[in-house]
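Let me begin by presenting the structure, written as structure tokens, before commenting on it.
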Amino acid sequence: MASKTRIDQSFVEGSSWQSIPPPLKGIKILDLTRVLAGPTATMLLADLGADVIKVEEVSRGDDTRSWHPPSAPLVPTAPRATKGQPPESAYFLAVNRNKRSITVNFKTPEGLEIIRRLVKKSDVLVENFVAGKLASMGLGWEDCQKINERLIYASITGYGQTGPYAKAAGYDVIIEAEAGLMHITGEPDRPPAKVGVAATDIATGLYAHGAIMAALLSRQQTGKGVWIDCNLFESQIAGLANIASNYLIAGKEASRHGTAHPSIVPYQVFPCKDGFLMIGAGNDKQFRLLAEKILEDASLVTNPKFATNDARVKNRDELINIITEVLMKNDKDHWLKRFTGLGVPFGPINNIGQTFKHPQAVARQVTVEVEHPRAGKVRLVAPPVAYNGRKMEVRLPPPWLSEHTEEPGSPVREVVDMETFNQILELDEDEDSHDFSQPMVWDYFEQAEKTFKTMDDAFAKEDLESLSSLGHFLKGSSAALGLSRVQHTCEEIQHVGHLRDEKAEKDLKPSEALTVMGRLLKRVKVEYKEAQAWMKKFYGED
């Protein structure tokens, strides 16, 4: 069930503004990522209208599918094809909306061929394998560029494509430690702490998303694709922001300050009688309001130890103790009322339930409800950006494993290349009578039947040269109709007939070639029958 979200804002109400159309509609994304950084990037692209095909491992899929509890409940009407699959994990549901899922076995020639066909038709490929892994399988940047020179190939790794750590796997928590974030996170008198969510993964996904958008714009100018090298390590270092600049400019090493700010006081979490408040008096005016209007102690403003921010930083401990002593006299609600409307930045420390009940969260509709085939109604975090007051549509719920493998037009079960076939259909004078295309299709099938008989005779005679020639002939006529699977297998027949295995990039002995040829002939006949059945159904003759 698709869902549209409109932000309830006064500046939009009553206006004639229209939401922008999905800017990436028509863009095809081949998603070879899993866990968080890569799926975050591809989900953001999907939110903008891109058609994202998520390719997953056949038996277990994305790693996060097994990261439960918690998981969504299963409904009695769940598709029978999903029987035996575990429930949909909350983690997977978080970052895979608006995508389609297919399963492909990369370890088989057939699986690799499916990926190559997808590469040919895709605008963007996003992968987060260890550097060099896909290249070892014949699916690296240079391999894919030969198939599709307009392809944008985005690699998301732990440490980048070069350098002594290039082959190391990347894990958010390790990068947090190794790239400085954990050193500055936590209380000063306690061990380092990780951030409460995988912040490095998320930041890397955002950087990758932005880089892909830039590459799409670049391709409009150059007509060529590009290889994007995005990694957790450099993304985390870039995210150090002013902490990094403090070190680079002034040689100032950072330290842990808990919720406090190293250069602004008071700017941290404070306890009160029944909870905690975050207070941030970032300048002298805000501190004066805090002292006079909230703490009701004007002497703090005139005291030389606290009159300026420099002085407050120098006398941090004393000031924090004074403020804490006052706040502990009343409960949180008392102080929230006292702070409201004065211009001093403040906020309660909400748990996650309170966050989603926050009046601003409710007003901005930060969640969206979708209908999931296995889990029923599921609430997800909505896309966070509005365009003319409206958020992008959540068109598809996060897919169950292999949900779209068997659907019509699936690249795994692809029989006809519709782009090519539609060009033939455009030649029909009447789209209902199919006066041009239908006779052409039946002529093809009649000729193909004769060609297969001739191929069988040539195979019996071990005539590889004739088989190569016949494969070349049938490849051309199959390509003309868009019968892509038959076309690709016939191309293999052509090469093997010349004693060459192009996929393995090796020459063959005649005996080896005949063994391979036998398998190819069996396969191409099955693919031909599938194409014939598809065409009969299309023309209403099945």
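Placed from the backbone N, Cα and C atoms, the Cβ positions cover glycine too.
TrEMBL labels come from automatic prediction, so no person has curated them.
Computed from a predicted structure; not experimentally measured.
For the domain 'HPt' (433-534), the model gives a mean pLDDT of 91. TrEMBL lists 433-534 with the feature domain 'HPt'.
Summarising the environment of HIS472 (phosphohistidine), the number of other Cβ atoms within 10 Å of its Cβ, over all protein chains shown, is 16. Here TrEMBL flags HIS472 as phosphohistidine.
Residues annotated as region 'Disordered' in TrEMBL: 60-86. Remark: secondary structure over the region 'Disordered' (60-86) totals 7 helix, 1 strand, 19 coil, with classes taken from DSSP.
Note: the domain 'HPt' (433-534) comprises 81 helix, 4 strand, 17 coil (DSSP; helix = H, G, I, strand = E, B).
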